[in-house]
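Asker: What follows is a single structure, and I will ask about it in a moment.
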Amino acid sequence: MLERIKDSFTESIQTKIDAAEALPESIAKAAEMMVHCLLGGNKILACGNGGSAGDAQHFSAELLNRYEIERPPLPAIALSTDTSTITAIANDYSYDEIFSKQIFALGQPGDILLAISTSGNSGNVIKAMEAALSRDMTIVALTGKDGGAMAGLLSVGDVEIRVPSNVTARIQEVHLLVIHCLCDNIDRTLFPQDEQQ
């Protein structure tokens, strides 16, 4: 059992090393897009299922509250938090529409959708992306494995941050690190700090 625990740490470290080689440019581009969105008076909507729903909420909380520096709140909404809305849509329509219907109501041109799925094949996240595209929103997709069907929906103006792993747990671990990198870049671009602080 101890070896298995050590192996999990080793695999996680190696996946992060691989991600550090593969992902910085796409993370920087996504952060730049998010800064542009926020400076334009727009907002970021985030969605995912299970652990990815938690990641969407984590990202939203970091923007609405703060990440590491004191700053004004930034507009972000996790679409996975309103149980009344989610269960009403799932009951009356389909679970695949729990995010897309919210995007049709809340999304505006210039907003960004942060779409999170370790497989890239979550039906409701794909529907959310389709809704975002119809609302002239930009998409930042956090994926893993081969990018799944989500990768095929992205256009030149969108960004995919695909973790180089096929293991769901390792992908989720890197997704959290990517979210922290995005928050750090957003904060330091919008609110430059003296590095001495």
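Each Cβ is built from the backbone N, Cα and C atoms, and glycine gets one as well.
Predicted, not measured: the structure shown is a model, and the values here were computed from it.
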Asker: Swiss-Prot has ASN49, GLY50, GLY51, GLU62, ASN91, ASP92, SER117, THR118, SER119, SER122 binding substrate. Which one of GLN14, GLN172 is in the same site?
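Answerer: The one candidate that Swiss-Prot places in that substrate site: GLN172.
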Asker: Go through ASN91, SER119, GLN172, the listed binding-site residues, and name the one with the sparsest Cβ surroundings, counting other Cβ atoms within 10 Å.
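Answerer: Relative to the other binding-site residues in ASN91, SER119, GLN172, ASN91 has the fewest Cβ atoms within 10 Å.
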Asker: Could you give the mean pLDDT over the domain 'SIS' (34-196), rounded to a whole number?
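Answerer: Reported value for the domain 'SIS' (34-196) is a mean pLDDT of 97.
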